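Student: Below are the features I grabbed from TrEMBL:
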- 1-22: signal peptide (SIGNAL)
- 91, 92, 190, 191, 192, 256: beta-D-galactose binding site (BINDING)
- 190: active site, proton donor (ACT_SITE)
- 321: active site, proton acceptor (ACT_SITE)
């Protein structure tokens, strides 16, 4: 416990000291820690962002397994979305436009001609309010998205809760309620994981199992074509666990694709993925209620200076973003992401961590 407390204090102090100028500019931004035994996580209300998660390996050695920055300034200038909650609509919307109930909406384009992760100032780049906080149980952030924000229709109340479950699980709940107009909503958590430690190198030796036999293929601009394709016995097939690097050279640029999660018939959350780092013995298991998960191997990371001055390069981390299908608002055959007034949207994730 002493080592955990010491390392946690160092992480918190480094963030606060390095980000003191940003804190003065924005006094409403803070760092919030959750702790249970050897499990320590930190978050900020800037972008409802996960800053760190410290876990022991099989020998009790503690490491932060989340990529990120030492200072608030790093997150404010970030183009990688490290640890952030992205929205109003995660992933891409083709042509930065859609039509809903006979009305055409033009959005802010920030990825060529397309909208990515909610626009040039999406939910990852706003200051959320702290709704409630208890260091031994949870932190809940809330944000009131306004009609016309980045071009999206209607007022939207949004809540993000990070909660400890026992001594080995982290629950994440992303919620939204449309107040006055129908609107697309697709929130996602953009945490980059490296189970060997955020400063250990790449994740190509991580072993992953994805409980999905189909993907939604994309074009050269990473916009879904509308097809739902079976990927069994292809380089995208992780139904049986194998290392990320084993076939990545057969996937142009690396993995960055929405997997269609298999329907297990469960009335509760369905298993999404298992990730194992055999060097440290750490294992991550993920469950969710969403129809898809974006598996991304940080292909676009290029010499980003992160925590402790460590330089992140291509394949430095992996993202598992549970979500609705990308560009669903322009593909009627995809599960709808439209939330009507009075309706409740919810994306639930449960992460379980262990080391063997």
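Quick reminder: no glycine exception, Cβ is built from N, Cα and C everywhere.
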Student: Where the record says 91, 92, 190, 191, 192, 256 bind beta-D-galactose, what is the longest distance in Å from one Cα to another among those residues?
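Tutor: 19 Å is the greatest Cα spacing among the residues binding beta-D-galactose.
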Student: Taking 10 A as the limit, how many CB atoms besides its own sit near the CB of residue 192 (beta-D-galactose binding site)?
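Tutor: The answer is 26.
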Student: How many Å separate the Cα atoms of residue 256 (beta-D-galactose binding site) and the residue listed as 'active site, proton acceptor'?
Tutor: 11
Student: With an 8 Å cut-off on Cβ-Cβ distance and a minimum sequence separation of at least 6, pull the same-chain contacts of residue 191 (beta-D-galactose binding site), or say none.
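Tutor: When sequence neighbours closer than 6 are ignored, residue 191 (beta-D-galactose binding site) has 50, 66, 82, 83, 319 within Cβ distance under 8 Å.
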Student: Starting from each candidate's C-beta and looking 10 angstroms out, tell me which of the recorded positions 256, 321 has the most other C-beta atoms.
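Tutor: Of 256, 321, the one with the most crowded Cβ is 321.
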Student: Cβ-Cβ under 8 Å from residue 91 (beta-D-galactose binding site), same chain, 6 or more residues apart: which ones?
Tutor: 116, 117, 186, 188, 258, 294, 321, 323, 326, 327
Student: State the count of C-beta atoms found within 10 angstroms of the C-beta of residue 190 (beta-D-galactose binding site), not counting that atom itself.
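Tutor: Taking all protein chains shown, residue 190 (beta-D-galactose binding site) has 21 Cβ neighbours within 10 Å.
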